[in-house]
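**Q** The structure under discussion is supplied below as structure tokens; questions concerning it will follow.
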Amino acid sequence: MRSHTSLALGNCQPKQSLPLVYRFHFMAFFSSFNRQTFNISREYEQLEPPNCRFIEGIETGAEDIDILPNGLAFMSSGLKYPGAPYFAPDEHGKMLLLDVNEEEPKPVVLGISSGFDIDSFNPHGISVYIDDKDDSVYVFVVNHPKVSTTVELFKFQEEEKSLLHLKTIEHELLQSVNDIAAVGPESFYATNDHYFLNSLGRVAELYLNLPLENVVYYSPTEVKEVATGFNFANGIIMSHDKKYVYVASLFDNSISVFEKHANWSLSQVKDLQIDKLVDNLCIDPTTGDVWMACHIDGWQLFNYNPKNPPGSEVLRLQNILSENPVLTQVYVNNGSKLQASSVACVHDGRLVVGSVFHKAIYCDLE
Ligand SMILES: [Ca+2]
Ligand SMILES: [Ca+2]
């Protein structure tokens, strides 16, 4: 059994989950039930650090971000996710590079080596691994070329600002991957956000709040389930000291803390009830704080209306391993500026926030 710890948070009220919707006729059937079950219309205060500005050129999302110690950020852009809107249906997804150190950072589209099927590229969760042996940078990208999942492994070529495609990973335990946390040049943990592959099963598991989703460890020699019982497992990240793994569960509204063992198995330390629809996670490299982007209103997210768009929220979680973790709101917007925030990462006093399908911003924290 997972033990739960609830975290209180200042003035922002939780917006409970409304599950993903893949087929609108199912939505019609279930919607009245869920509108009663989930509180999705509470008011909230807007909040913004100083000097928040848009990152020029990002108009189709930056669902996930990972920042190297030198401040170079990788971003996945252009995700087409079932049920969520996308604003460039004819464009394939892209990997972007952003130098967070720049006064006004501008993204560069990373080239991808020939032979990779760029036309079906649909990047989702990402994770970067630096090899101690030679400082090579490996970029792992969850890809959904159709409804399926692959994990694409690239080597970053900094001078050329490009990604050399090394291999495509497919496995029966990696069927609906949302995010990954790289732990070696060819190995990673992955979250599955669904259990069923067919549309009916995927809708049912979400509407019935079935905690069927899991975390899988992958290496070329071993693939195994290492944790289960999540309701839409989402962001996953290694702790600052690499001893722990943190997993966000969107519809459990929680973050789970696991201890990592030498054989890559995980044992649960605790669940922190965040009462938010938590998407991806980042770690502050200097403090170990956990940064997360949340969806304020699932109904707005998956029933997109440009006149009433889904909002964004960023939280910082300090002292996650202690008896008294501290959860702080850093950014809250009703969608008038940033819609559907999905990731928030920090580097050297600067916050970068990406979204599922909309824009990205950067803010100065100090
Ligand atoms: Ca990630
Ligand atoms: Ca995600």
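Glycine is no exception: its Cβ is also placed from the backbone N, Cα and C atoms.
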**Q** Which of CYS12, CYS52 is the other half of the disulfide bond that TrEMBL records for CYS363?
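**A** Out of the candidates CYS12, CYS52, the one TrEMBL links to CYS363 is CYS52.
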**Q** Name the residue, out of ILE118, ILE126, ILE361, that TrEMBL lists for the same Ca(2+) site as GLU63, ASP64, ASN178, ASP179, ASN234, ASP279, ASN280, please.
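**A** Among ILE118, ILE126, ILE361, only ILE126 appears alongside GLU63, ASP64, ASN178, ASP179, ASN234, ASP279, ASN280 as Ca(2+)-binding in TrEMBL.
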**Q** I'd like to confirm something. Which of the recorded positions, CYS52, HIS124, ASN334, CYS363, has a Cα closest to the Cα of GLU63 (Ca(2+) binding site)?
**A** HIS124
**Q** Would you mind listing, in sequence order, the residues at least six apart from ASP179 (Ca(2+) binding site) in the same chain with a Cβ closer than 8 Å to its Cβ?
**A** ASP64, HIS124, GLY125, ILE126, SER127, VAL142, ALA190, THR191, ASN234, GLY235, ILE236, ASN280
**Q** As a test of the contact definition, list every same-chain residue at least 6 positions from ASN178 (Ca(2+) binding site) whose Cβ is closer than 8 Å to its Cβ.
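**A** In sequence order, the residues whose Cβ lies under 8 Å from that of ASN178 (Ca(2+) binding site) (at least 6 apart) are HIS124, GLY125, VAL142, THR191, ASN192, ASP193, PHE232, ALA233, ASN234, GLY235.
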**Q** Identify which of the following recorded positions, namely CYS52, ILE126, ASN334, CYS363, place a Cβ less than 6 Å away from any atom of ligand 2, and list them by sequence position.
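**A** The recorded positions passing the 6 Å Cβ test: none.
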**Q** Cβ under 6 Å from ligand 1: which of the recorded positions CYS52, GLU63, ASP64, ASP179, ASP279, ASN280 qualify?
**A** ASP64, ASP179, ASN280
